[in-house]
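Notes follow the structure.
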């Protein structure tokens, strides 16, 4: 077995550097395929801030966030079910122990309260506490363990980028993700896993010793197959990860009827919509359905509370979930059924950029989507996705960013038209690009004087970036979830909350 120094000398491992004798660091920066995208972001953030963001993007988010499906269970029972699942199915001691590492929403708030400089936290203490209590009651947070420092001392496996990023999120390695490997790997042997960064690796590539092209080390595991069998099947686990850089629970397909994995900023966005009984609500770009089903869940709980209070008059609430892609709409429908919420949501294949257009042909749509007819409008439109993490390479080009922001403006125009005076519009993206965020907020405010920003309760993130068309007061009213903010450790995300002034 070669020693670690020999392996490091022969391989171009971008994230594994010797810092002292027998001490190594697993840090690297996310790379941009299009350098113009990086320069575009540096223009707004500055070089040092962007380097912090690039570093954080290669790391796993701080918390795995689990939304309790209150239709089928409660938080206490789900904790028991998850504990039993981990004890029964997880061989890794770390994966068994991480379940005890859960936090409450109040724990998270305490960790960030000293960094929130927006000053908008206490605008409505009653509503503030109500939302905090609701999120705490219906959400489980499991804190990620790491970074850890396993050493790349075993025969190498090379996986593709999608597989590597999934491993950083807690997944094991399926056969379909394996690109190449050392010739001598046998079933049951330990392997060191790497992601190729620049070099195109042919499926099934074999190397005698080390893979000598640029790569990133992501941990060690046990091969469940002989090397020759990696490419004989497209299904099944090929490598069980036992030593990770970050340990977060592998929860895909676990207790699917009782819970839903959803990032904290996405959950937070729905609570800013403040859904109420009797509302007419639209989720304009609803796929894959996470926010829609949370809206429906909150309405279901309000109905249940109303029934418990002997309120015999059932108040009609309408929730519309739209996407122009029929296949995506089918997935929204399936998710609603899985969570027992399908009776609350009307799912439609519609282009939300044309809802109030005069050429709308469907007479029913002309009734459904009248101007000034919705109490609540959620616009989480298509975006560049520059906030998604963990990510080792960002493949967007500059024209993608421009196209995203321009299409979002068309959706904003429709959202404002649909909103009732006195209603609430929430605009969000999973991007760190100011042209999709602060600058689009400025576009809305400049073109629609009847719209104004209103406080978000509780305000748990950073204020908007200055120099992007917003005043200091307006910056303090929007939420910018910065991935380099280690206190909250989320994906990059942006939320703005508006109301239409009654004339």
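From the backbone N, Cα and C atoms, a Cβ is placed for every residue, glycine too.
Note that TrEMBL annotation is computational and uncurated.
Together with 285, 286, 287, 288, 289, 290, 291, 351, 380, TrEMBL lists one candidate of 229, 323, 413 for binding S-adenosyl-L-methionine, that being 323. Listed in sequence order, 321, 331, 332, 335, 336 are the same-chain residues six or more apart from residue 289 (S-adenosyl-L-methionine binding site) with CB atoms under 8 A from its CB. Across the structure, residue 287 (S-adenosyl-L-methionine binding site) and residue 430 (active site, nucleophile) place their CA atoms 14 angstrom apart.
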